[in-house]
């Protein structure tokens, strides 16, 4: 009920300062109660509402990881542009359509680039770390600080995005077990995730001693599950001013019409229209999709070491190599093949260096959350993976090398 003579505050204009902590918790818990989709909490466990949660550790251990996202550093409340024709679904995939939900980059909690995307990404990047150890996600905790002026709709979207990622990324055993709230001048979203190994040994980025003894002095195959370069391409799209983006895509569409006949003759059945590429790239940046379960598959196939790709294939392959006293050599042919589908979009955004830009997205772009693994030379590649290079036993060599220029991946403290 509102007082006589007053106008109700529309939901989209409400702020958390008008709700207080109890009201915010009601919103979060209502969303979090939707996961898991079915089934009660296991006997002996405790979910949100107490001073602390109690979670299962089926084999006496669990994997744990954490990631923090800061406003205007790791996510934005609005973007210069979101591609027109981009509509979102609750599972994080995209749908085409006439101006499908786009409103220039500003969205409420359930818009494509709003709180939902931030919640989804916060869960996805933690799931990716669990995946890289060969585990399966089992729990999430959220620590959230924000100013009182934060829109209620944005927070509702954040909670829905966390829950949506649990449901749609395949984390069927994961529950959102609690967290903490605080006030600050900017929004910070910190998520901690736990995972189960189900009795299997964790696969680390360093080779186990037994494998080191067997492979001493030998090269290893470097394989990847997941896409590379799409999230970096999406960031470039989202950071391009709306009018500039529309004009560049319009020009590119005119040019690509001349190539349609040739593409058809080559049997290309994929929809690689530049506007469609822009939409898919933006989706990859805002709602990444790590291939959960790939870590377990690779571990069971004999992967010797693994790590996720959060800061770029080149940088993370270098880290994997350095951890084992090796050098990472990316296959330049793989880089070119992987980049080929992104070249039309890269040329639309940067006509002077489209090919090079696309290859840099693939080799140095982060946040696709793929999975790197090291295998014995010639070993069968696990399903969903492909060979992308080698880890070379060469003393004194640089940690990573590829024919893609000097771009080296993301660094939180150098903006690279």
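In case you wondered, yes, glycine gets a Cβ from its N, Cα and C as well.
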The annotated region 'Disordered' range in TrEMBL, which must be one of 54-80, 81-107, 108-134: 81-107
Residue 367 (substrate binding site) and residue 67 (Mg(2+) 1 binding site), distance between Cα atoms, whole Å: 13
Fewest-neighbour residue among binding-site residues, criterion Cβ within 10 Å, set 65, 66, 310: 66
Residue among the binding-site residues 180, 308 whose Cβ has the most other Cβ atoms within 10 Å: 308
Assigned element (helix, strand, coil) containing residue 308 (Mg(2+) 3 binding site), judged by DSSP: strand
Alpha-carbon distance [residue 308 (Mg(2+) 3 binding site); residue 66 (Mg(2+) 1 binding site)] in Å: 14
Coarse DSSP state, helix versus strand versus coil, of residue 129 (Mg(2+) 3 binding site): helix
Cα-proximity to residue 204 (ATP binding site), 10 Å cut-off, over binding-site residues 51, 65, 129, 311, 367: none
